[in-house]
């Protein structure tokens, strides 16, 4: 059996899909379906069981036996960069992750988990997996950073795989439940379908992010598991592309609409990553050689899926 926490969420459900595609259907999905709309991410997937997050944590803390577990993909977390309830964030993203990590280490179960490019904060260069480059801008980024630090301290004595992935700007199928936290491509597509012009924040032509297609993220997770590689790795394309490039890809797909700019929100000033670009040196050195989709390629594939499924 494989456990995928956050398995009904965006990246988690795409990992379940990738597992299904290699013939692996014995998957325990752990999630919180208080937002009932997330069920839609699981409808076309094969899983063997579902468990509520709170029940799962209680079982982990109690040391319950789940039988043979081949791996845990820990994608479950609060991923809102605008959530400022620090206690909630640390309980959800840090304490929970520690409990699960120790459970896996004690049983030599491979543990692969979601970190984030938010650990790098507001820098504009050197997105490198090293302490000197890490300075998160919000409590979400801090919760991920602190767990990475915790993992670093344990890695030298770990007898089983521990692998963290610093996800950059992920977009693609199964993110619709994320609302305001869904990708720019998702929102621009919705605006055009509603008969509106697509809108970006003023200055967006100067904002560049490392946008990575979720199918590529799932592929990275599976490769590292199958190759038993430990460490903390950036998971991006290594290319910074502008929000303008995303809107160009959306407009190109729809063949209609004209880009509009709206004022940049006051509440995001100073707390917004204007530039991200993954340094892939360590990822490539670990042996991962697959190419990553460009924004033009990934957005086109995503919009074909999105406009067929919604």
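Don't overthink the numbers, they just go from 1 along the chain as shown.
Even glycines carry a Cβ here, placed using N, Cα and C.
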> Among 180, 195, 215, which residue does Swiss-Prot name as a further substrate binder in the site formed by 169, 187, 201, 202, 203, 204, 209, 272?
Replying inline: 180
>> For residue 272 (substrate binding site), which of the three DSSP-derived states applies: helix, strand, or coil?
In response: coil
>> Quick check: of the binding-site residues listed here (77, 144, 178), which one has the Cα closest to that of residue 187 (substrate binding site)?
In response: 178
> residue 202 (substrate binding site) to residue 178 (NADP(+) binding site): how many Å between their Cα atoms?
Replying inline: 23
> In whole Å, how far is residue 272 (substrate binding site) from residue 178 (NADP(+) binding site) when you measure between their Cα atoms?
Replying inline: 18
